[in-house]
Protein chains: 2
Amino acid sequence: MKQQYVYFFGGGMAQGRADMNNLLGGKGANIAEMVNLGLPVPPGFTLTTELCNEFNKRNREYPKSLEKEVEVNLRRLEELAKKKFGDPVDPLLVSVRSGARASMPGMMETVLNVGLTEGTIPGMIAKTQNPRFVYDAYRRLIAMYSDVVMEKAEGIEPEDGDSIRNQLEHMLEAVKKKNGYVNDTELSENDLKELCAAYKVKVKEVLGAEFPDDPMKQLWGAIGAVFLSWNGKRAVAYRRIENLPDDWGTAVNVQAMVFGNTGDKSATGVAFTRNPATGDNNLYGEWLINAQGEDVVAGIRTPYAINKLAKTDANKDLPTLEEAMPKLYQDLMDIREKLETHYRDMQDLEFTIEDNVLYMLQTRVGKRNGPAAIKMAVDMAKSGLIDKDTALKRVKPEQVEELLHPMVDPEAEKLAEKLGKGLPAGPGGAIGKIVLTADKAMELGEQGKRVILVREETSPEDVHGMKPAQAILTSKGGMTSHAALVARGWGKCCIVGCSAMEIDTKAKTVTFGDKVLKEGDWITMNGTKGVIYEGQLDLVEVDPLSHKEYRTLMTWADKVRTLKIRTNADTPEDAAAAVAFGAQGIGLTRTEHMFFGDRIWAMREMIMAEDIEGRKAALRKLLPMQRQDFTGIFKAMGNRPVTIRLLDPPLHEFLPHDDEAQKEMASRLNTTERRIAAKAESLTEFNPMLGHRGCRLGTIYPEITAMQARAIFEAAADCWAEDIKVKPEVMVPLVGTVGEFENQKAIIDQQAAKVMDEKGITFKYMVGTMIEIPRACLIADQIAQQAEFFSFGTNDLTQLTFGYSRDDAGTFLPHYLESKILAHDPFQSVDQTGVGELMKIGTERGRTTRPKLKIGICGEHGGDPKSVWFCNSIGLDYVSCSPYRVPIARLAAAHAALANGHSVE
Amino acid sequence: MKQQYVYFFGGGMAQGRADMNNLLGGKGANIAEMVNLGLPVPPGFTLTTELCNEFNKRNREYPKSLEKEVEVNLRRLEELAKKKFGDPVDPLLVSVRSGARASMPGMMETVLNVGLTEGTIPGMIAKTQNPRFVYDAYRRLIAMYSDVVMEKAEGIEPEDGDSIRNQLEHMLEAVKKKNGYVNDTELSENDLKELCAAYKVKVKEVLGAEFPDDPMKQLWGAIGAVFLSWNGKRAVAYRRIENLPDDWGTAVNVQAMVFGNTGDKSATGVAFTRNPATGDNNLYGEWLINAQGEDVVAGIRTPYAINKLAKTDANKDLPTLEEAMPKLYQDLMDIREKLETHYRDMQDLEFTIEDNVLYMLQTRVGKRNGPAAIKMAVDMAKSGLIDKDTALKRVKPEQVEELLHPMVDPEAEKLAEKLGKGLPAGPGGAIGKIVLTADKAMELGEQGKRVILVREETSPEDVHGMKPAQAILTSKGGMTSHAALVARGWGKCCIVGCSAMEIDTKAKTVTFGDKVLKEGDWITMNGTKGVIYEGQLDLVEVDPLSHKEYRTLMTWADKVRTLKIRTNADTPEDAAAAVAFGAQGIGLTRTEHMFFGDRIWAMREMIMAEDIEGRKAALRKLLPMQRQDFTGIFKAMGNRPVTIRLLDPPLHEFLPHDDEAQKEMASRLNTTERRIAAKAESLTEFNPMLGHRGCRLGTIYPEITAMQARAIFEAAADCWAEDIKVKPEVMVPLVGTVGEFENQKAIIDQQAAKVMDEKGITFKYMVGTMIEIPRACLIADQIAQQAEFFSFGTNDLTQLTFGYSRDDAGTFLPHYLESKILAHDPFQSVDQTGVGELMKIGTERGRTTRPKLKIGICGEHGGDPKSVWFCNSIGLDYVSCSPYRVPIARLAAAHAALANGHSVE
């Protein structure tokens with residue numbers, strides 16, 4: 001059997017189907033489907049993606065059989081259209097459009113009005129009684145064809161270097177200027193007729209070839225140009241960015257032209273079967289009378305609303321399609337019903353009305369925002385259109401995020417002046433006045449003023465100013481810098497690493513390129529995208545719990561998922577917020593943040609102590625504070641498990657490094673500046689990330705571990721006394737050898753026994769470890785003999801597995817991502833090949849010695865959907881993420897469970 | 001059958017054998033063996049190590065059967081000795097000595113003269129006609145017994161807190177003082193008799209118990225005390241240090257006493273069957289007439305030489321045993337012959353002559369130094385006593401090291417004042433005057449003065465002063481710090497991390513505790529042990545190639561080993577030295593060291609360049625210098641393979657960081673200090689180890705890779721033109737992703753093609769990578785698809801696998817080693833459990849995609865015998881180490897091959 005390269009559609013029947021997407025492209029397959037559904041579609045035929053690949057492989061040669069196949073299909077098209085291609089009396093015109101598997105908007109070429117020639121123009125004029133329309137169509141054909149087919153596809157180089165497209169455009173502008181026209185619509189029939197003639201002369205002059213006057217030559221030229229555009233510069237670049245394969249190829253759709261611009265009984269429009277911004281179950285869209293499709297999109301004329309519900313401020317006084325063409329509107333409503341029932345999803349439609357006849361030009365699954373996606377999915381599941389599993393799959397985890405933070409109004413964003421771009425470290429939108437110090441941020445923030453803290457980078461000493469700020473913006477640091485970590489924990493808008501921004505703290509200015517802003521100037525930040533704007537843009541506020549369908553979807557997600565979701569929370573407030581978002585426990589409480597503020601003085605006293613007795617005295621001051629911290633968190637979490645990590649950062653982080661602050665410290669601790677400077681110096685490390693921190697501190701200073709363990713157990717005992725049955729899980733950080741863990745566990749167990757004895761209360765607790773050192777994964781079987789749980793600290797594990805410092809990787813990581821040396825940022829999504837392999841090894845080996853070992857993840861990756869999926873696939877028990885990512889993780893976990901064959905019902 | 005706890009020996013027959021070492025301890029087993037060989041050994045019996053464990057487990061209770069068993073053996077002993085234990089007429093006295101599997105010198109207890117009582121003393125006096133001798137023996141028994149058995153073993157606390165041992169000692173001193181005696185020997189019969197009486201009163205007074213006057217009570221007390229001393233403080237601490245297990249237990253040897261101090265026909269001595277310092281095949285030893293064993297060891301009297309060959313300056317005029325007792329000397333020579341033939345190894349003997357009768361008290365394999373070990377092994381193999389495989393096994397790789405560096409004279413070391421201790425970073429000994437700057441070291445060094453460069457730490461800018469220095473001493477840094485790396489490469493004596501040393505560069509002093517030394521003062525360093533001494537100690541010079549047996553042994557090693565040995569060398573001189581030591585190629589040439597000195601200006605120009613053109617211009621200056629470097633190394637290596645690593649360290653290492661130097665640089669490069677400071681600042685990293693270095697540099701600045709590749713290939717082409725068939729292996733450092741390697745390989749291959757084309761010469765080369773990032777091990781299968789060889793960079797791999805910065809680990813690593821959290825320093829010997837596991841994974845996975853992948857190791861571990869063994873076991877093709885460790889690695893590789901069943905013949 002000869003291979004079929006051409007698939008016909010029209011007359012109520014098509015050779016293709018929607019599921020032939022790969023062969024016919026998205027557009028072609030869906031047109032075929034619409035035809036089979038009996039919808040009014042202009043007839044035509046699709047040349048397959050296989051043909052595209054053949055053509056490009058054979059160096060622009062078609063298979064021999066093709067000419068005949070096109071001929072046969074063209075004849076069939078003529079029969080249905082009741083017009084003949086190239087007929088001087090009533091000529092058929094066709095559009096030649098690309099259509100790949102996935103939408104690649106604007107990346108490939110289109111040629112319209114193919115078939116207009118000196119020979120067919122008179123017939124067209126006679127038939128339409130509209131010579132201006134015909135010459136306008138001819139002008140567009142010449143311009144498009146000479147550009148797309150002659151210059152680009154056939155590779156004819158223009159004479160004087162400027163493209164034929166620009167040169168023709170200049171001619172058009174010259175005519176308009178000469179006549180004092182502003183819009184193209186003012187061009188008269190005669191202007192256009194003369195322009196067409198002049199265009200053809202110019203084409204000959206510039207490209208050295210005639211614009212073809214043969215309809216078939218035009219057709220073949222257009223088909224070839226579309227196929228070639230698959231390998232055009234823009235298309236290739238787009239595929240690189242979107243990770244699309246080169247061997248897909250594009251299909252070509254040749255279709256009878258219909259015109260929405262033949263007069264007042266004609267129109268064109270785009271519509272969504274449901275509102276893509278809210279999810280409401282109403283037809284939504286825009287249309288224009290007497291216009292072409294591109295006019296709706298181009299924004300030259302204000303499009304009309306399709307019905308009352310779709311009206312906006314801009315078009316509230318303009319006629320709707322429902323009012324202007326009620327019969328055709330009803331037809332469209334029927335089609336909407338038919339398509340949604342058939343596709344079981346919201347559709348994005350293109351239609352044209354030519355002389356009171358409705359034609360469907362395209363249907364495809366419509367894009368939608370997060371809240372709309374959720375509402376549609378739940379509505380459709382409730383109405384029985386889809387099942388609950390499908391509803392869950394319809395919503396991307398990232399879309400849930402849109403419900404959790406106020407967003408910059410997308411419309412306002414389009415018009416706003418972009419100041420700069422950084423890494424999107426904390427999602428949502430924020431508006432505020434620039435402030436350059438944490439103190440000022442706190443001062444103004446407490447007065448209820450909206451401020452954005454702008455710094456080179458932040459440190460734990462800035463936290464008091466970060467909390468009241470609307471957002472945080474830094475010029476240095478990466479996705480896991482201090483600012484990013486803290487902001488994400490709070491669900492606060494944050495952009496980091498905006499390297500083009502320069503801060504002058506003396507002059508109190510912030511410079512973006514040429515633009516100089518002062519402290520106090522307003523800026524707006526889109527933390528989801530990482531973009532900074534000048535001035536105040538509108539924010540769209542959201543509240544997930546008021547979104548009824550969100551609540552429903554989440555119950556379904558919880559029903560199907562097997563992975564537990566915990567949260568990373570360091571305060572009772574964060575813990576309570578996370579519980580409200582559905583957290584089932586705490587996977588990581590960092591204790592170091594508890595030693596700043598006033599408590600830093602006891603901490604510094606401990607660091608400066610000459611001996612163990614001095615350290616113990618300082619630690620005794622910290623004990624009641626720590627106990628209070630833990631009691632608060634335990635109470636917020638009730639009976640849920642709470643994992644508390646022992647002190648992790650190197651001690652020098654608690655000492656001041658500038659003279660002024662060292663002076664203050666000296667006077668406060670009654671010692672000399674010299675001693676403090678010497679201590680700070682002695683604690684300085686070449687590579688602090690690889691230095692004296694984590695359990696290496698607790699091993700050298702066992703009294704710190706003892707104090708923290710005692711505080712945890714005293715708090716637990718107090719809770720149990722109040723009948724709050726807390727289950728503390730004490731986590732030893734940075735374990736790389738069994739000896740370290742044994743050493744720390746002995747201290748912790750001893751404190752537990754002492755506290756239980758003192759308080760006369762028994763309670764359960766666990767001692768486990770953070771797995772964040774590559775070696776720990778390799779010896780996980782040994783560690784698991786002692787440790788009752790593991791929690792993967794994927795931030796540090798990623799740093800060590802790659803040998804990247806997250807604070808320094810900015811020098812090469814962006815380049816690695818851009819040049820695809822890295823497929824994605826391993827600090828955002830778990831590197832499954834490397835880091836993930838170590839996690840797998842750690843999980844497998846850990847469970848060889850302790851089969852029921854509880855294993856979770858508490859790195860930043862715990863809130864990343866792809867990483868959640870991966871964690872589920874390697875058999876972890878839970879993921880832990882910042883409170884504001886808990887819903888995202890819940891949905892991602894549900895997706896993973898669905899993929900594993902689980903079902904909501 | 002009842003368990004046997006007592007093994008008899010004597011009368012030409014013993015129940016034990018040498019191979020019953022575990023049960024009878026080393027001393028007991030070898031005594032039994034000597035008895036079986038027919039040697040003259042005082043009879044006795046051994047109580048087993050199993051009994052020791054039983055006794056300690058049962059809380060100082062013996063099995064019921066034991067009393068009877070001891071009784072039987074004691075009777076047998078009496079029969080052979082022809083004396084009775086406790087007999088008032090001719091009493092038998094016994095010694096009760098410990099003896100574990102391994103020698104634990106001085107760690108456990110001994111009680112001599114057991115059986116002397118008020119009842120047996122008269123008989124002893126009558127028999128010996130020497131009352132002074134008898135009372136002296138009695139005095140010693142009371143002192144030993146009250147200390148070892150009563151106070152220590154039975155745990156009786158002395159009344160006034162001071163130990164009974166000290167109190168008795170004071171009494172002795174008092175008597176001597178009263179009578180004006182200097183030596184114990186001046187004490188008269190009467191003095192001793194009175195002392196014995198006073199001792200017994202004192203024991204009663206202080207310990208509240210009588211010194212037992214019953215021989216059997218004495219015997220059981222002594223046996224129990226020896227068993228208990230296995231768990232004594234000193235013994236336990238010793239086992240911790242030496243990694244000996246606690247469950248070995250000690251045996252107890254009860255043996256008829258013989259006395260070397262009964263008069264001029266008695267003597268005692270120790271001997272080695274060959275000279276333990278030179279390996280010469282002569283009896284070597286010391287003896288004393290009319291003396292006890294401890295007198296020879298204690299150093300109170302100058303021991304005599306055993307024969308003419310053993311004479312020293314100290315005893316050259318004293319009689320030898322050969323001269324004084326020729327018959328007995330001949331007996332000893334016969335015994336020597338018998339024992340060496342039997343044990344097939346050099347023996348360390350103890351003997352006593354009582355009234356012209358020779359008794360052997362102990363034999364064991366003798367300790368020996370490196371040169372002696374080599375000579376003995378080769379001599380014995382040549383004489384047929386052992387085979388070549390055994391000869392190779394007899395020499396520890398570390399012993400070869402003694403041949404490669406001058407050593408501090410061990411005798412001088414014993415007497416010298418220790419200033420401090422650090423990490424033994426470069427072996428051998430050195431003497432020099434303290435200098436505190438590299439410039440001064442160079443200046444004085446070039447004048448031929450011997451100096452030691454003393455610094456907090458060193459950097460590449462100090463190299464010019466390190467080379468001419470005799471040794472390097474730093475207060476900071478670890479085994480892989482800059483100083484250690486450089487020194488080891490040169491085989492230079494070096495001690496790092498001597499944290500007790502304080503350097504005051506202004507006052508030009510170096511302080512060790514209270515001791516203040518000035519610049520110019522002499523110090524001596526033992527780099528093998530890491531000890532620093534004040535003043536000038538003697539050095540022992542060595543030259544391995546002049547050691548005939550060394551050369552022979554190495555040919556045998558090379559014959560049997562399968563692992564190849566390469567060297568790490570950055571200069572033609574190092575390369576040539578390594579070849580002389582037997583290196584088969586270069587495994588690592590670091591190129592960064594080549595950019596210091598004058599060349600640093602071109603390097604700095606490159607770093608400061610504003611754009612790629614500026615960088616290329618600077619690199620063009622570096623190209624001819626690099627080419628020259630490589631040509632030199634290639635020529636030194638001839639046809640051997642040479643692996644060259646591309647630039648690895650972060651660029652900021654090439655910039656000056658202090659104002660003065662920045663000023664110089666600004667004027668020299670015709671730019672501003674501000675620009676230089678800004679550049680240095682922008683290159684500063686939080687964690688440079690994890691920052692912008694290795695192939696991350698080459699990826700961002702491909703022109704650097706291109707220049708280095710071109711220099712390598714131009715040098716190779718030049719060599720081929722001279723018919724030197726070099727095989728360059730270009731090594732890309734710090735690869736963690738396939739993309740990085742592909743990127744760099746493309747640049748390298750392009751340069752190779754260009755150079756071959758330009759020069760019209762074709763040559764083979766390889767492009768491979770250093771495996772030093774944990775992720776690289778995990779994705780080794782992917783990397784091996786592109787890379788033609790792997791070389792494990794175990795320094796960085798260890799840092800990353802453990803998460804330790806070698807520059808910072810000094811804060812906790814020593815504690816980890818001391819408290820056994822780590823069994824050994826992973827920077828010295830490959831951590832087989834963690835890092836080694838990654839190496840295994842990397843090797844296995846790499847060879848799944850490239851079965852013949854060449855794999856080596858070029859980290860510091862390549863010269864560590866245990867690591868060499870490990871590399872052999874996981875199937876590496878070669879190890880690469882610093883030139884001075886090549887012989888060590890050759891022998892270690894031979895040992896590994898022997899263990900795998902290979903044989904020299």
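The backbone N, Cα and C atoms fix where each Cβ goes, and this holds for glycine too.
These numbers come from a predicted model, not from an experiment.
What TrEMBL lists as active site, tele-phosphohistidine intermediate is B:HIS482. Residues or ranges marked as active site, proton donor by TrEMBL: B:CYS858. The annotation substrate binding site is assigned in TrEMBL to B:ARG590, B:ARG645, B:GLU772, B:GLY793, B:THR794, B:ASN795, B:ASP796. The feature Mg(2+) binding site is assigned by TrEMBL to B:GLU772, B:ASP796. Under the heading domain 'Pyruvate phosphate dikinase AMP/ATP-binding', TrEMBL lists B:22-59, B:65-310, B:329-375. The domain 'PEP-utilising enzyme mobile' annotation in TrEMBL covers B:449-530. The domain 'PEP-utilising enzyme C-terminal' feature in TrEMBL is assigned to B:548-896.
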Listed in sequence order, the recorded positions from B:THR794, B:ASP796, B:CYS858 whose CB sits under 8 Å of a chain A CB are B:ASP796
Per the Cβ filter (under 8 Å) with a sequence gap of at least 6 from its ends, the domain 'Pyruvate phosphate dikinase AMP/ATP-binding' (B:22-59) is approached by 3-16, 66, 70, 73-74, 76-77, 80-81, 94, 97-103, 223-224, 227-228, 230-231, 247-258, 335, 338-339, 342, 357-364
In whole Å, the longest Cα-Cα distance within the recorded substrate binders B:ARG590, B:ARG645, B:GLU772, B:GLY793, B:THR794, B:ASN795, B:ASP796 is 15
Within 10 angstroms of the C-beta of B:THR794 (substrate binding site), the count of other C-beta atoms across all shown chains comes to 30
- request: Count the Cβ pairs between the domain 'Pyruvate phosphate dikinase AMP/ATP-binding' (B:329-375) and the domain 'PEP-utilising enzyme mobile' (B:449-530) that lie under 8 angstroms and are 6 or more residues apart in sequence, then report whether there are at least 3.
  value: no
By a three-class reduction of DSSP, B:GLU772 (substrate binding site) is assigned coil
Rounded mean pLDDT within the domain 'PEP-utilising enzyme mobile' (B:449-530) lands at 86
Around the recorded substrate site (B:ARG590, B:ARG645, B:GLU772, B:GLY793, B:THR794, B:ASN795, B:ASP796), other residues with Cβ within 8 Å of the Cβ centre, ordered by sequence, are B:LEU588, B:ASP648, B:PRO733, B:MET770, B:SER791, B:PHE792, B:LEU797, B:CYS858, B:GLY859
Once DSSP output is merged into helix, strand and coil, B:ARG590 (substrate binding site) belongs to strand
Candidates B:HIS482, B:ARG590, B:ARG645, B:GLY793, B:ASN795 (recorded positions); nearest Cα to the residue listed as 'active site, proton donor' turns out to be B:GLY793
B:ARG645 (substrate binding site) has its Cβ surrounded, within 10 angstroms, by a count of other Cβ atoms equal to 26
A correct count of other C-beta atoms within 10 Å of the C-beta of B:ARG590 (substrate binding site) gives 19
Same chain, |i - j| six or more, Cβ under 8 Å of B:ASP796 (substrate binding site); the result in sequence order is B:MET689, B:LEU734, B:GLU772, B:ILE773, B:GLY859
For the domain 'PEP-utilising enzyme mobile' (B:449-530), the DSSP residue counts stand at 16 helix, 30 strand, 36 coil
DSSP tally for the domain 'Pyruvate phosphate dikinase AMP/ATP-binding' (B:329-375), helix/strand/coil in that order, comes to 21 helix, 17 strand, 9 coil
Reading the DSSP string in three states, the entry for B:ARG645 (substrate binding site) is strand
Reduced to three DSSP states, the domain 'Pyruvate phosphate dikinase AMP/ATP-binding' (B:22-59) has 24 helix, 4 strand, 10 coil
Mapped onto three states, the DSSP assignment of B:THR794 (substrate binding site) reads helix
Spacing of the two Cα atoms, B:GLY793 (substrate binding site) and the residue listed as 'active site, tele-phosphohistidine intermediate', in whole angstrom, works out to 16
Whole-number Å distance separating the Cα atoms of B:ASN795 (substrate binding site) and B:HIS482 (active site, tele-phosphohistidine intermediate) is 12
Cβ density check for B:HIS482 (active site, tele-phosphohistidine intermediate), other Cβ within 10 Å (all protein chains) comes to 21
Here the binding-site residues are B:ARG590, B:ARG645, B:THR794, and the Cα closest to that of the residue listed as 'active site, tele-phosphohistidine intermediate' is found at B:ARG590
A correct count of other C-beta atoms within 10 Å of the C-beta of B:ASN795 (substrate binding site) gives 18
